[in-house]
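Colleague: Sharing a structure, written as structure tokens. Questions coming.
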Amino acid sequence: MTVIAKIYAREILDSRGNPTLEAEVTLENAVCGRAAVPSGASTGTKEAVELRDGDKTRYLGKGVRAAVDNVNGVIAAALVGFDGADQTGLDHRLINLDGTENKGRLGANALLGVSLATAHAVAAARKQPLWMYLSTLGESKLSLPVPMMNIINGGAHADNNVDFQEFMVLPVGFASFSEALRAGTEIFHALKSVLKGQGLSTAVGDEGGFAPDFRSNVEALDAILEAIGRAGYIAGEDVLLGLDVASSEFRNNGKYNLVGENKRLTSEQFVDFLDDLVAQYPIISIEDGLAEDDWVGWKQLTERIGHKVQLVGDDLFVTNPKVFQEGITSGIANAILIKLNQIGTLTETLESIAMAHRAQYAAIVSHRSGETEDTSIADIAVATTATQIKTGSLCRSDRVAKYNQLLRIEQALGVGARYAGRDAFVSLKS
């Protein structure tokens, strides 16, 4: 029933108007699964390779015809007749078929599209929603994740002068995901009013957050605090704050260059800067606080505030189990961001989440800045031991689609639905 009969890929557009790959896997019983692959703007140097054509006369060189051809050719030839229910076996066959450490021959976008589409197909064949099927593939908790809502965009995600890439609200003080989502939405709309009142732009960035020209990163935090209050919530109780510093993007010649603050800081000084922010604001999570190659700085940051703040490795770990294990062994960070296209298969993604759970690191399932209407990450966040999800702001359909899928899952779980809330950070001490 779950033997693969056909594999097909096509070139579609992502939320930035760039080409990406969509794969379809059809089983012998004619059931079909479909998945689309996202794309990042700020990327870690150790990420799996996203295969682009490089033909400047077509889509400015960003076409993915080669990856599509790889799916329709060598990958389809190798997997037609394979039992899609053997997800681990299928993914290992994909990895071996590529034969490179970084999936650079066939492309991580080609491999991931097929890997995810197969899971969708098998779930449909079993008449199960994806989250229910995925819960049978590994460690599972079936709880609704805390949304890390990116309501102000900066850095590589916006054309403004804000250094930090994301300013997020985390609605932790609520009994259900739906209530948390409502709170985040109301704060988002309150923030729009705050920005208008300050004469600032309410245009949005790649991930749906506002992208005004604040004079500093601290100004952005102050605006969010005002919005939380205007919406009728209490910062530090109902809602906590999160940052994606994406510091690799503004580190040059060993110094962290903060344009708004007019500062060029050493690693030690930047650790002090982040520590001061945590003391002044109800910040519970900092992602990529130090550059991906600044492991000495990461160690200092972890020792300084890792007991009370979630320190998330994104560019640092790139969802790669080998790199992640080095970080665990070294005592670097205490959480990992899970981006499927950083590693390239569903099995490796689930392995990274399971590794985090065993090491008592938090796992956050994440979108990319170039997204599609695909909602797979919502199902993965519910089905695994991940406690949080990053899928952007409260506008743009490519972001809201994931939130809406989580609402559907919460309703499907009924009285058994559990929202992670503050329990997502139970290992941290105030």
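A Cβ is built for glycine as well, from the same backbone N, Cα and C atoms used for every other residue.
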Colleague: Out of K141, K192, K339, K402, which is the one Swiss-Prot records at the (2R)-2-phosphoglycerate site of Q165, R368, S369, K390?
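Modeller: Swiss-Prot lists Q165, R368, S369, K390 binding (2R)-2-phosphoglycerate, and from K141, K192, K339, K402 it also lists K339.
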Colleague: Check Swiss-Prot: it lists E287, D314 as binding Mg(2+). Then name which of D222, D238, D244, D374 it lists for that same site.
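Modeller: Looking at D222, D238, D244, D374, the one Swiss-Prot places in the Mg(2+) site next to E287, D314 is D244.
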Colleague: What binding-site residues among D244, E287, D314 are found with a C-alpha within 10 angstroms of that of R368 ((2R)-2-phosphoglycerate binding site)?
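Modeller: Final answer: none.
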Colleague: Near D244 (Mg(2+) binding site), which recorded positions out of E207, K339, S369 have their CA within 10 Å?
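Modeller: Among E207, K339, S369, not one has a Cα sitting within 10 Å of that of D244 (Mg(2+) binding site).
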Colleague: Using E207 (active site, proton donor) as the reference point, find which of the binding-site residues K339, S369, K390 has the shortest Cα-to-Cα distance to it.
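Modeller: With Cα distances computed to E207 (active site, proton donor), the winner among K339, S369, K390 is S369.
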Colleague: Report the member of Q165, S369 (the binding-site residues) whose C-beta atom has the most other C-beta atoms within 10 angstroms.
Modeller: Q165
Colleague: So for R368 ((2R)-2-phosphoglycerate binding site), how many other CB atoms are inside 10 Å of its CB?
Modeller: 28
